[in-house]
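Listed in TrEMBL:
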- 69-87: transmembrane segment (TRANSMEM)
- 110-483: domain 'Acyltransferase 3' (DOMAIN)
- 187-209: transmembrane segment (TRANSMEM)
- 244-266: transmembrane segment (TRANSMEM)
- 273-295: transmembrane segment (TRANSMEM)
- 331-351: transmembrane segment (TRANSMEM)
- 363-379: transmembrane segment (TRANSMEM)
- 399-418: transmembrane segment (TRANSMEM)
- 430-449: transmembrane segment (TRANSMEM)
- 461-486: transmembrane segment (TRANSMEM)
C-alpha cells in the first residue's frame with residue numbers, strides 16, 4: 001500500500017526505526033487485530049471507505065496521516081538527542097523541565113481549582129458522551145440526569161489570570177500592548193488546537209474510534225473545522241462539530257474585550273467597576289429573557305450532549321438545540337463569570353489587604369456554601385420538569401453562573417489575602433499545566449468507555465465517580481504526551497516567533 005511506503009520513507013528520519021520492515025505490515029490486518037472491522041476503518045485494500053467525509057484537504061488514509069506526525073516526532077527527537085541542534089527548543093528535556101518546575105506565588109491555589117474543574121468536566125462528559133444510549137437518543141437516556149457544569153470555574157480563572165497578565169505591562173501604549181497581548185495568546189493556543197483538529201478529524205481517530213468520528217466529526221466539513229481554528233466555534237448554528245470545543249472561541253472573544261475594560265478600570269476605577277457590573281447584570285437579564293422566550297428556563301444545565309446525529313433530520317437537530325445553544329455558548333450570555341474573575345484579578349494587583357486566619361476561613365466557607373447552593377439549586381428543575389418559566393427557574397437560569405463565580409472568587413480571595421502563606425503540592429502544578437491538553441484530549445478518551453458495560457448500565461453519579469479515575473488517568477497520560485511533543489515545543493517556537501516579530 002502507498003501509505004505503508006510513506007511510513008517506510010518517513011521512518012528513515014528516526015535511526016531506531018530503520019530496521020523496521022514497514023513493507024511487511026498489513027495495515028488493515030493491524031487495525032482488525034485492534035478489534036476493528038473493515039467497515040470501521042478509513043481504508044480497505046485499494047478502496048477508500050465511502051463514508052469518509054474528508055476529500056478536501058485532510059489525509060485520507062491512516063498511513064498518510066501518520067507521515068507528518070512521524071516527521072514532527074523525528075524533529076523533537078533530534079532536538080533532544082543532538083546537544084547543539086538548532087532544534088534544541090523542541091527538546092523533551094526542556095519540555096519536561098517546564099512541566100515539572102515549581103513556582104512560588106500566592107495564587108498557586110489556582111492550580112487546585114483548575115485540576116478539580118477539569119476532573120468535573122471529565123465526569124460530566126463520561127456521563128453523557130460516554131454512554132451509548134445518550135449518543136443514540138435511546139429512551140433510557142432521559143432518566144440519566146447528571147450534569148453540573150464547571151466552566152464558570154475556567155471562566156473565572158481565565159478572567160483573573162488574563163487581567164493580571166495585561167496589568168503586568170499595563171503602562172505600555174494601549175494598542176501596542178493590545179496587539180502583543182492577543183497575538184501571543186493566539187500563537188500559544190492555535191498550534192496545539194490545529195494539531196489536535198488534524199488528529200481528531202482525520203483517519204487515525206476514525207479507524208480507532210469510529211463512533212467519535214460519527215458523532216463528533218461527520219457534520220464538520222471545512223466550515224466547522226475552520227470555526228474551531230479561528231476560535232469562533234461557539235458561533236456555529238448547532239454544536240454538532242466537536243461541540244465541546246465551544247469554550248475555546250468564547251474565551252478568546254472575551255479576551256478581545258478584556259483590555260478595554262481593564263484600561264477603563266485603571267484610568268477611572270469607579271467608572272470601570274460600574275461598566276463591568278452593568279455588563280454582568282445585562283448578561284443575566286439577557287439570559288432570563290432568552291430562556292423565557294424559548295421556554296427553556298427549566299433546562300439551566302443544558303443536559304444534552306453537543307454531538308451530531310447523522311441519520312436525523314437537520315430540522316430536528318436544529319430544534320434540539322434551539323434556545324439552548326445560544327444561551328450556552330455566546331459571549332453576551334456567558335460573560336458574567338469571566339468579568340467577575342477579571343475584577344478579582346484587578347483587585348489582586350491594586351487592593352492591598354490581609355485577612356486573619358479566622359476571617360479567611362469564614363470567607364472560604366461562605367464561598368463554598370454559595371457554590372454548593374448553586375449546584376443543588378438546580379434540583380427543583382428536575383423535580384418539576386413541566387414548569388418552564390416560573391419565577392424560580394427564570395431567576396436561577398439568569399443568575400446561577402454569576403453567583404457560582406462569586407463563590408469561587410470568595411474562595412480564591414480567602415487564600416490570596418490570608419496572612420499565612422498556603423503551600424500547594426507540586427503535583428497540582430504539574431496537573432494544572434496539563435489541563436489544556438487534557439481538555440482537548442479527554443473527549444476521545446471518554447468514547448473508549450462506550451465499551452464499558454458498567455458505565456452503560458449506570459443509574460446515577462456513584463457509578464460515574466467510580467469510572468472517573470480511569471478516565472482521568474488515561475486523559476492525563478495522553479495530555480502528558482501531547483504536552484511534551486506538541487504543546488511545549490510548539491509553544492517555545494511560538495515565543496521565539498513572537499519576539500522576532502516584535503510582540
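The backbone N, Cα and C atoms fix where each Cβ goes, and this holds for glycine too.
Long-range contacts of the transmembrane segment (187-209) within the same chain: residues 31, 34, 36, 40-43, 52, 54, 58-62, 64-66, 69, 216-217, 220, 225, 228-229, 231, 242, 245, 248, 252, 436-437, 440-441, 444, 447-448, 482, 486-487, 490-491, 493-495, 497-498, 503, each at least 6 residues beyond the stretch ends and with a Cβ under 8 Å from a Cβ of the stretch.
Below 8 angstroms of C-beta separation, residues 107, 151-153, 155-164, 167, 234, 250-251, 253-254, 257-258, 261-262, 265, 269, 273, 276, 279-280, 282-284, 286-287, 290, 401-402, 404-406, 408-409, 412-413, 416 of the same chain, each at least six residues beyond the ends of the transmembrane segment (331-351), sit close to that stretch. Here the transmembrane segment (244-266) has long-range neighbours at 125, 129, 151, 154-155, 158-159, 162-163, 166-167, 170, 174, 177-178, 181-182, 185-186, 189, 193, 227-228, 231-236, 272-273, 275-276, 279, 306, 328-331, 334-335, 338-339, 342, 346, 439-440, 443, meaning same-chain residues at least 6 beyond its ends whose C-beta is under 8 angstroms from one of its own.
Taken together, the residues in the domain 'Acyltransferase 3' (110-483) have a mean pLDDT of 90 on the 0 to 100 scale.
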